[in-house]
Amino acid sequence: MAEPAAEVPPGTFPGFVAEGTLLVRRGEHDKALPCFTNALLLRPGDKQCLVARSKCYLKLGDTENSLKDAEASLQNDKTFSKGLYQKAETLYTMGDFEFALVFYHRGYRLRPELQKFRLGIQKCQEAIVNCIGSPSSVKLENNEDICFLSRQAEGRKAQQKLQIKLTKDQKRTSKQERVRNPQTERQLLGELYADKAFLEKLLKDEDLMRSTTKQGIQVKDLVLGGITYLNTRTEFWQQQKPIYARVRERKLMKQRWIRDKKRKPDEVARYIVKSMEDIDMLLAGGSPEESLKKAEHVLKTIQGWSDEEVPNKNELIGNLHNCMGNAQMEMGHTDAALQSHQTDLELARQNNLPDAISRALDNIGRVYARIGKFQQAIDTWEEKIPMAKSSLEKTWLFHEIGQCYLELNQAEEARSYGQKSLQSADEEGDVEWQLSASVLVAQAQVKLKDYQAAIINFEKALEKAKLLHNDDAQQAIIIALNDVSKSFIEDLKEAEREVTSASPKDDDYSSENTEESSRRSAEREGSAGSELSVETRSNERQEDEEEEAEKDDEEPEKDEEEAEEDKEEAEEDDEGNEGGDEDSESEKEETGTGESEDDAAEQRAAAPEE
C-alpha cells in the first residue's frame, strides 16, 4: 500500500490540471497526458480530470483508453454531461455510430440547451444513413426473443469477421480499392493521399516486398497494412462527411463569408466602440506602443469598409489619427504626432466638423509648445479661442498662451493672458486653475519689475496652495516670494539713494542762510585781521554752505529772532586774533558732526570774545 503513495510526483492537483489544460490549448496533447495522469494519482476518480485525459487519448488516436476514462467519469454520476459527451465522441470515432447516437440522446435529454449534443445526433444520423442507406430501404423484423443488445452483439461479430476476412485477403482488397476514383480519394484523404500513393508505388518494387525487417516482419505486410488503414479512414471520412456534404459546406462557408463581409450596423458599432475603448485604456495604462498598434490596425480595417457600412467613416478616421498622435506624443515622436494631428485637422475641415477642428488645434498647439515653437503654438491656440465652449476650457487656453508669451519674454502679453485666465478660473470656481493663473500673473509682473504687485499675487497663490494641501506648490511659491522680496528691498534702497543724492538747491530759505553765513565770515575776517589765504576762505565758505544745507534738512525753518541776536553779537566783536582762526576751525568740525543749530551759534558768538 505504500508504493502508490511513493509514486505520487511532487506537485499539487490544481497545478497539474492547469499545466495540462495549457498544453491542450497549445495542441501538445502528448505532453498534457502525463500532467492529467499525475493529477489523477493525487486525486483518483476526479471526473473532470478523467474527461480531460480522455480527450487527450482521443486526440492521440488511443480510442480504447479514451473510452475507459469516459466510462470511469460516469461511474459515480450517470448524469455527468461532459462524460456522456466524451463517451459519445469516442464511440463515434471508433465507428460505433449507433451507440454514440444513444449517448448523444442521453446528453441532449439532460442538457437540451447544449448545442454540441444536437450536432452529435445530427452527424450520427448522417453517418448511419451513409452506411446502411435511408430507413425506407431497410426492412426490420421484430422477433420477441431478440433484444437490442443481442442485435448489437451480432453486429459486432459480423464486423469482426469482416475485418478478419479483409486481413487475410489484403491483396485482393487493395486491387479493388484501386478502382476508386482518384479525385474522390484525394478530396477525402487530403494530405494523406500522397502517402497512400507512395505506399502503392512501393508495392511495385518486388525485391523490396520480398525483404523483411530485423524483427522478421515482411515489408509487404507493413505496406499493405498502411494502405488498408488509409482505405478504412477513407470510408470513415466518407461516412462522416461525404463529398456532397463537403460541397454543401463550401457553399455555406462562401455564403457566410459574403454575409460577414456585409456587416450589420450594430456589429460595426460594437466593434468601433470596443476598439476605441481599448485604444484609450492602453494609452491611459502606460502602453502607448500597444495603443498605437491597435489604432493603426483599426484604421486599416475601417478604411476597407464601405461608406454604407460606416456612415461616419471620415469622422472616425480623423478620431483614429487623433489617437495615433496622442500615442506618438507619449512615445516622444513629436514629428509623427504633429503629422497625425494635422491630418486630423484636414479631415475635420473637409467634413466641416467644428468639434474635431477644435480638438486638432488643441493638440497641434501642444506639440508646438513641446518642441519649443511658442509663436506657432500661440497662433494655433488663438485660432481655437472662439471655439472654446466653457470657462474651464478658456482658463486652460489663456494660461497656455500666457505661458508661451512668458517663454518669449513678452511680459505684457503674458500678464494680460494670465489675468484673463484668472478671471475665467474665478467664473468657474476652480481653485487649481486659480492657483496656476495667479502664479503666471506674478511671474509676468516680476519680469516687469512690478515687485509689489507680484508679491500680492504670489501670496494669493500661496493661499490657494494651502487650500489644496499642495506641499510642492507651497514650497515653490515661498521660494519665489523670498526672491521677489529681496528684489523689492533692493529696489527701495536704490530709490532712497537716488533721493539722497539729489539735495534741494532752490529753497529760498537755504539761499538766505548761505548769504548770511558768508557775510558773518567776512566780518570776522576783517575785524580780526586774519591772515587766511584766499584758498582757506573759500574752503570756509564751502563748509558753511554745507552746514546750512544740513541745517535746512533737519530744521526747515529757523527762528528769526535768534538769527538777529547772532548778527548783533557778531558786530560787537571788533577785536580779532589768531584764536579766531582756531575757533573757526572748531566751528567747522562741530558743524560737520551734525550738532544742533543753537550750539553752533553759541560757539561762533564766543570766538571773538576770547
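Even glycines carry a Cβ here, placed using N, Cα and C.
Values in this document were obtained by computation on a predicted structure and should not be read as measured data.
Taken from TrEMBL, the feature coiled coil covers 441-468. The feature compositional bias 'Basic and acidic residues' is assigned by TrEMBL to 496-508, 516-526. Look at TrEMBL and you will find 542-588 tagged as compositional bias 'Acidic residues'. The feature region 'Disordered' is assigned by TrEMBL to 496-610. Per TrEMBL, repeat 'TPR' is recorded for 13-46, 358-391.
Sorting the repeat 'TPR' (358-391) by DSSP state (H, G, I as helix; E, B as strand; all else coil) yields 28 helix, 0 strand, 6 coil. Looking at the repeat 'TPR' (13-46) alone, the prediction's average pLDDT is 90. Per DSSP, the repeat 'TPR' (13-46) is made up of 28 helix, 0 strand, 6 coil.
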